[in-house]
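Features of the protein shown, as given by TrEMBL:
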type	residues	note
COMPBIAS	A:263-277	compositional bias 'Acidic residues'
DOMAIN	A:1-103	domain 'HPt'
DOMAIN	A:295-553	domain 'Histidine kinase'
DOMAIN	A:555-691	domain 'CheW-like'
MOD_RES	A:HIS46	phosphohistidine
REGION	A:247-306	region 'Disordered'
Amino acid sequence: MSGNSIRDTFFEECEELLEALVEGLSGMEEAPGDMEIVNAVFRAVHSIKGGAGAFGLDRLVGFAHTFETVMDKVRGQELAVDESLMGLFHRAGDFLSDLVTAARDESDVNDETEAGLIKELEAYLGPGGEETEFMFEALTLDMGDEAPQPTRRRFDIAFRPTRALYENGHEPLLLFDSLADLGDLSVTADLSALPDFNKFDPSDAVLSWRLSLVTAESETTLHEIFEFVEGLCTLDIDTTDEPAEAATAPLDLGPVMRPAPPDVDDMLAGDDAEDAMAESPDRGASDRPATSLPGSSKDARGPKPTLRVDLDRVDRLINTVGELIINQAMISQRIEELDLPTVAHLTNELEAYKLLARDIQEGVMAIRAQPVKPLFQRMSRIVREASDATGKKAKMVTVGDSTEVDKTVIERLADPLTHMIRNAVDHGLEKPDIRKAAGKDVTGTIRLSAAHRSGSVFIEVSDDGAGLNRERILQKAIEKQLVAADVELSEPEIDNLLFLPGFSTASQVSNLSGRGVGMDVVKNAVSALGGRVSISSTPGKGTTFTIVLPLTLAVMDGFVISVADQTMVIPIASILETIRPRAKDIHIVGTDSEVISLRGSYVPIVDVAENLGLGDGAERGNAGTLLLVSTETHGLTALRVSGIHDQRQVVIKSLESNYTAIPGVSAATILGDGKIALILDPEELIKLAHTPVHETASQQARMELRHG
Amino acid sequence: MAETEETRAEAQFEFITFSAGGQSFCLEITQIREIRRWTPVTALPHTPEDVLGVMNLRGAVIPIFDLSARFGLGKTESNERNVVIVAAVGSTTIGLLVESVSEILSVAKSAIQETPNIKSDVTRNSILGMISVGETMVRVVNLDAVLDTGMGIAV
């Protein structure tokens, strides 16, 4: 059993190493000649090989070895990296990933691909037979490197405070003192930004410093010292651990300078700065102890210490914390019900309890949060494969890949994203010659971005292709009898036809996309996560798909409302404003449709109770309270509810785990009194109001049973 | 609580019998998680009559079905002896409102008879078999069928 768990650990590590590999490879493209990145790639391949050797995964070892040997040539600068080699590295990286998966699942991989790749890789190697020997040597060396021997390294720190740093009462000298405690420190002040005496503003920050610290401490420790001034200064920490590399330090000046605000950029990049910089390495070098091994350059950003925990344990903890929140709400409610004479202490303690419970919850949820980076990196492979298969040139740009999202979201987004990316390359981008004719860059760009915005996670897939061909989409939808032939649709409505089941615009079924499983699958997957997908497209400019997901899957801020005689919850994020309408603002249109005039425009009113089948429109005429929501398909709509009671954070409980999805209801939650309240989904609710038939499939199924 | 069951030697099965819609039903004891007093539930919109709503079972949201209505025997009359039988089917947990719980029945496998070939397919599917106890007959409820027909797939 223990053997298996070590094996599992190896494959988990492989995942990380493969991520590092992909990241390194794209880094090599951006910054060719950066040896640190080449080293990182080499190390990743090498570590996979080492681990695979221990488990007797010969095939993996063999391929990794060939890969690594070529990489080593690049590392030794015997081989220059050009575009074709870079492409080969990418493919080799992809195949290495396949091999790892195959080894894990004990499945098979394509022999031809392997033989082809090995041949291509070997073509870059001159004749030579010592590689096998080298392999064993390298393995031993690696072990030696990992021994917990503190190595003294030199950190070059560029520190430039902003005015806010001083305004907040920080003192650079104290920071330097703390740094000096860690090891040998030398400081150079950069006076280049110092203005004329006449123009001098004493409260402004004009000084910056270059510090050089030789220490055995990790970079994390350094960051801890600057923790409180983060955001108040520009800080850059560069690591070197051998005197020989010190000479290259001035070359690093470019990247070091980049974060500085533009107005000081040119000053800093001037001669003064360079002189200051050139000075410090020498000093650092002279301080260096002889213990550091030349040539054993370490990773610039040492990995943060992490802990591997069984996911089940985390989930149990999350569940329990959810219970804690509910329990806290119950206790508050019970105490309120007691109607005690105002006891200030009790209220304070309760409030503190509430805050603590929230803190715990947030902390626990943060455990599950992961950056989208690995997910995005996987997509770069999809872009490569898709562009190879379609003969279109495409590159992927990612933005905001450090955005953190719940682990479940990452796992469940992989398939929809893959599909969307393939679509973007296959349907979105034009053929190179068409692009050229349109005056565009021959290489199409697929942009994948992630961001947190107002309590939601936005993930966008956009291409710079031709945009949606709306005529064609509508025609297709009519052909497939998805809509009536004489239907008149607005542009967004036509775009949304793409999400209908069974819709596929590619006239030819290609290898990549267009197998009948279309965007509806994407939409369902996203809806299952409580999110939505929307499209925007500009002819000739491209198409953007936006996935909006809730930040956490477990809690949400909501209004506690009453609908007919039931208590329900509606997500605050979806509500633009609440209105207590005056009777004269409400107008009846036709026989039973109502609108409210709101700042000069008319907004349709949807009665929630009526749509959920809870009332018979008895509320009509009775103004109630209106919640103004904006939806993607139906624009502004006012939802009528009987009243709003409270605003609180609620724990989301799935209805689907034990029952089934109910239209208009996204989930349930447990209120302070232990009762269940339904969480409404405004978008679906409004859609429901526009569907004349309320009979659902489940009802029909039930009818059959009863009459059967 | 129903957690004390012990599988006895040689195919001896234990059932909990209860009445719903005036008829006698039973469920194998291992399927039953607990039996609770009836407490008001939260109604669900757009659901058939026999889905009473959802209940909070220690933090989980479980649907409560009116077994009598489900089998087309009319709604269960509100009564002090009404109980909710919480049962597990695979990974889902559901609650069944019944009129009252009667007793624990211990029978050999051979005592369970197959459902005779009655007219309605649906009714036959909802019952796994029958056990005769003295003068009366007890129907073994097929929980899967209760779930299947009840869930449908609401779009």
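Any Cβ shown, glycine's included, is placed from N, Cα and C.
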Quiz prompt | Mean of the pLDDT scores, which run from 0 to 100, over the domain 'HPt' (A:1-103) | solution = 81
Self-check item: Cβ neighbour count within 10 Å of A:HIS46 (phosphohistidine)
Solution: 23
Quiz item: Per DSSP, what is the residue tally for the domain 'CheW-like' (A:555-691) in helix, strand and coil?
Solution: 19 helix, 73 strand, 45 coil
Exercise. For A:HIS46 (phosphohistidine), name the DSSP secondary structure in the helix/strand/coil scheme.
Key: helix
Quiz item: Could you give the number of helix, strand and coil residues in the domain 'HPt' (A:1-103) as assigned by DSSP?
Solution: 88 helix, 0 strand, 15 coil
